[in-house]
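Q: The structure follows.
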Amino acid sequence: MFKGSIVALITPMDEKGQICRISLEKLINYHVASKTEAIVSIGTTGESATLSQEEHINIVMLTLELADGRIPVIAGTGANATTEAISLTKRFEKSGVAGCLSVTPYYNRPTQEGLYQHFKAISENTELPQILYNVPSRTGCDLLPETVAKLSHFNNIIGIKEATGDLSRIHKIKELVKTNFLLISGDDATALDFMQLGGQGVISVTANIAAKEMMEICSYALKGDFINARSINKRLMLLHEALFIEPNPIPVKWLAKKIGLIKSDTLRLPMTPVLDSTRFQLEKAIQYANLKIS
């Protein structure tokens, strides 16, 4: 269902920290023109943690409106309370979203049984396709392959965004899950290797800046042409790394403004503006990448 380059979309804000519709529309048009496969609206990169639930819902709905059927929209619906995750998911049931990305509960560090029961409860309360999201560096808990395998038996749990950066994970998960279960990288720097090992795509931060290039990398990889895929990816490696010098999405928003994709790189506290030293590294990376910006 979801393969190739999927962008973890930034949430553009004006100088007052309110959502900038003009910039959001420009970003969506950029991804449509670049043939990005889908948009994830309000995930980690979209600053879900600093938005109210009402804002969260409104931005996803605005993204759907502006996309107007031209590109699939996946709603971020994760929460560290199961009832809240279910409530948020149900709000999008008849909205037109193509599916949901649901991160493991953060901060409260549930057991594997707790994680299983959490996602089981979500699955049983919606018909929307669900993509699990494992990012232990952010959440403080790790969704292990054995638990993923148990969850893969639910018809609407269709895949996982695996963002540990541990390539051995893909082997372990592939051995345990059903054959049509989607394996999607959540780490740009290792995404191509992930795909060579059997992954179907990446939910990408880099695609905010290099949409065409990420689309081309994934397209080549899915065809088995890893020579051309690696040729492009080599140019982007500095960028993959520079975008995480500071916590995401600090660097990517600054760079999106720098290249004219958004009007302002405003973030909400506790996220703070990019450091001068990081700007230097980002400028170096963007020059090396030699991007084709629409």
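Using the three backbone atoms N, Cα and C, a Cβ is placed for every residue, glycine included.
Take a look at what Swiss-Prot says about it:
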SITE      THR44  site 'Part of a proton relay during catalysis'
BINDING   THR45, ILE203  pyruvate binding site
SITE      TYR107  site 'Part of a proton relay during catalysis'
ACT_SITE  TYR133  active site, proton donor/acceptor
ACT_SITE  LYS161  active site, schiff-base intermediate with substrate
Q: Which residues in the same chain, at least 6 apart in sequence, have a Cβ under 8 Å from the Cβ of THR44 (site 'Part of a proton relay during catalysis')?
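A: ALA8, GLY76, VAL103, VAL135, ARG138, ASN248, PRO249 - these are the non-local Cβ neighbours of THR44 (site 'Part of a proton relay during catalysis'), listed in sequence order.
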Q: Between TYR107 (site 'Part of a proton relay during catalysis') and ILE203 (pyruvate binding site), how many Å separate their Cα atoms?
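A: Between the Cα atoms of TYR107 (site 'Part of a proton relay during catalysis') and ILE203 (pyruvate binding site), the distance comes to 23 Å.
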Q: How many neighbouring Cβ atoms, not counting its own, are there within 10 Å of the Cβ of ILE203 (pyruvate binding site)?
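A: Excluding its own Cβ, ILE203 (pyruvate binding site) sees 30 Cβ atoms within 10 Å.
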Q: Using DSSP with the three-state reduction, classify TYR133 (active site, proton donor/acceptor) as helix, strand or coil.
A: strand
Q: Could you state the CA-to-CA distance between ILE203 (pyruvate binding site) and LYS161 (active site, schiff-base intermediate with substrate) to the nearest Å?
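A: Roughly 7 Å, rounded to the nearest whole number.
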Q: Have a look around the residue listed as 'active site, schiff-base intermediate with substrate' and count the other CB atoms within 10 A of its CB, chains all included.
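A: If we count other Cβ atoms within 10 Å of the residue listed as 'active site, schiff-base intermediate with substrate', we arrive at 27.
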Q: Taking the Cβ of THR45 (pyruvate binding site) as reference, which residues of that chain separated by at least 6 in sequence fall under 8 Å from it?
A: ALA8, LEU9, ILE10, VAL205, ASN208, ASN248, PRO249, VAL252
Q: Cβ atoms within 10 Å, counted per site: which of TYR107, TYR133 has the most, among these recorded positions?
A: TYR133
Q: Whole-number answer please: how many Å between the C-alpha atoms of TYR133 (active site, proton donor/acceptor) and LYS161 (active site, schiff-base intermediate with substrate)?
A: 5
